[in-house]
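Per TrEMBL, the feature domain 'Major facilitator superfamily (MFS) profile' maps to 36-480. The transmembrane segment annotation in TrEMBL covers 33-49, 85-106, 113-132, 138-159, 171-189, 201-223, 293-321, 327-349, 356-377, 383-403, 424-446, 458-476.
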Amino acid sequence: MPPSRDTDAVDREERSVSTQGVRKTGLWENRRILLVTLYLGISLFEYGFDKGAIAGFQAMPGFLMEFGYQTPQGKWAIMRTPQQIISSFMILGAFVGSLLTGPIGSRICRRHLIMLSSLLIIVSIVIMAQTTSFGALYFSRFLCGVANGLLLNSTLVYLQESAPPHFRGLCFGLVTSWIVIGTTVGFVINDRTADMHSRLAYQIPLYICFPAPVILILTLPFLPESPRWLINHNKPEEALKSLRFLRKGAYDEVAIQQELEEMKLVAAREAETEKSWRLMFELFKGPNLRRTIICVGVGTANAGVGAMFILAFGTYFLSVAEVGDPFMWTIISNCVGLAGLITTFFVVTRVGRRSIILAGCLICTVCMIMMAAIYTADLSKHNAGIGLITVVSIYLFGFNFGLEPYVYLVAGELPAQNLRGYTMGLAAAVSFTFGWLTAFTTPYFINPSELNWGPKYGYIWFPAGLIVTAFVYFMLPEVRGRTLEEIDEMFRNNVPTKDFQTYVCVEVEQARERGALNVRAMDKLQSNEKVDETRVEKA
């Protein structure tokens, strides 16, 4: 018997409600998740500050008097080996910390992992500031790297699992802006203390690192856990509470229930996967292999365009190139880079992240060849210095506009839910490996006592940048506005890269229908209860 017109109308109404999915509400309605994002950025401040501060230490007389040597001309310098180890051991530690993010994060929640990492940072800072031993200094750099690897990945994974899909790119731009802010603050503090001929020259910048991890340890217990982590650990009620907190003011109950049903759908499918150290091997099986290749490939984009060369050795590099006050020019060029990061905030919600990453790769790659060409040409020292500073500034603008916020975003949003910590950790670990190789080998190329190439080192990075750009163009799909569950379904169904934006996710649509029907059922139940109460009162 065909359904009545009234039944048809009800079905159409239910389907209309159920397929609305996640609302694309505005900034003000999503202010709570944006505030959470800015708060979590505190955890990345120390990572950025470390990059800026340590790069400046290598040009400080106060630091070199303790860990360097004095030349016959009366200048202070640093030997190649300490220069290599100071920069590279931090990256080596970050490699270890990144690999540990998945196994540890599968057992303890994201917030507790951030708190543990913050405690390790405090310990490493104390050792670094107080020691006069090379061995203790190297150990503190390694420990700092482990802490930063755990901190960076656990913070970004939390944000991946908590941000709404249409603001995920913006949230990552905001949170990673703390890295650039930290680097800039590190450069500014270094500039103020650089002329001190005592250990205070580098101890003061180190002590300024303390507030960030202390704030996190004291305040993180008041933040709800990632809803997807809770779902994966069989805590649906807590996950619902977390979602209601994070989406308050932006989503109604229907949208929240729909999002929860999407998470349950993926969690139920992944529950059959063995949760042990063998889970790591799942990264290289079936559809996960494609995800892993893309995440690792894009994750190495930072290293592939030579970022560590500019970021870790920037101040020393400019001092060797004799462009005037290296600390002042480093601050100025870094502020230009900060402008690039601010610019991307206005673009990311309108333009796909794939296009933005491609633009960042191209800018950085072209800058490398320009930098090498300027110092190959027979220019006056003054003109070459101006050209070098200009190119470095443009490089940092492009890097912060198109790469710094988004390589971690891609590495975290493409993996399967139960493998997110593992995949993102692996991508970061491989990226840190290439960064370590850069930090370890760069002194051979730029140190005056070695090859003394200086800015001509850019010739090495130009072809590397071209390879990275080609990989992004052919392999990276566009997933702007997609939920993590939609992305999961598309990879499982082997959707071609070019079709990601137009593909209709059937399983996710069905989950959204169930979420809407759950809300309708709860409303009917509450309505019936009220009717029953009224009848009892009348009786």
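Here the Cβ of each residue, glycine as well, is placed from N, Cα and C on the backbone.
All TrEMBL annotations are machine predictions without curation.
Per-stretch counts of Cβ pairs under 8 Å to the transmembrane segment (201-223) identify 113-132 as the leading one among 113-132, 138-159, 327-349, 458-476. Outside the transmembrane segment (85-106) by six or more residues, the chain places 50, 54-55, 57-58, 67, 113, 117, 137-138, 141-154, 157, 229, 275, 277, 279-280, 308, 312-313, 418-419, 421-426, 428-429, 432-433, 435-436, 439-440 with a CB less than 8 A from a CB of the stretch. Across all of the domain 'Major facilitator superfamily (MFS) profile' (36-480), the predicted model scores a mean pLDDT of 87. Beyond the ends of the transmembrane segment (327-349), by six or more residues, the same chain brings 52, 55-56, 59, 166-167, 169-170, 173-174, 176-177, 180-181, 183-184, 187-188, 190-191, 194, 314-315, 318, 356, 389, 392-394, 396-402, 404-405 to within a C-beta distance below 8 angstroms of the stretch.
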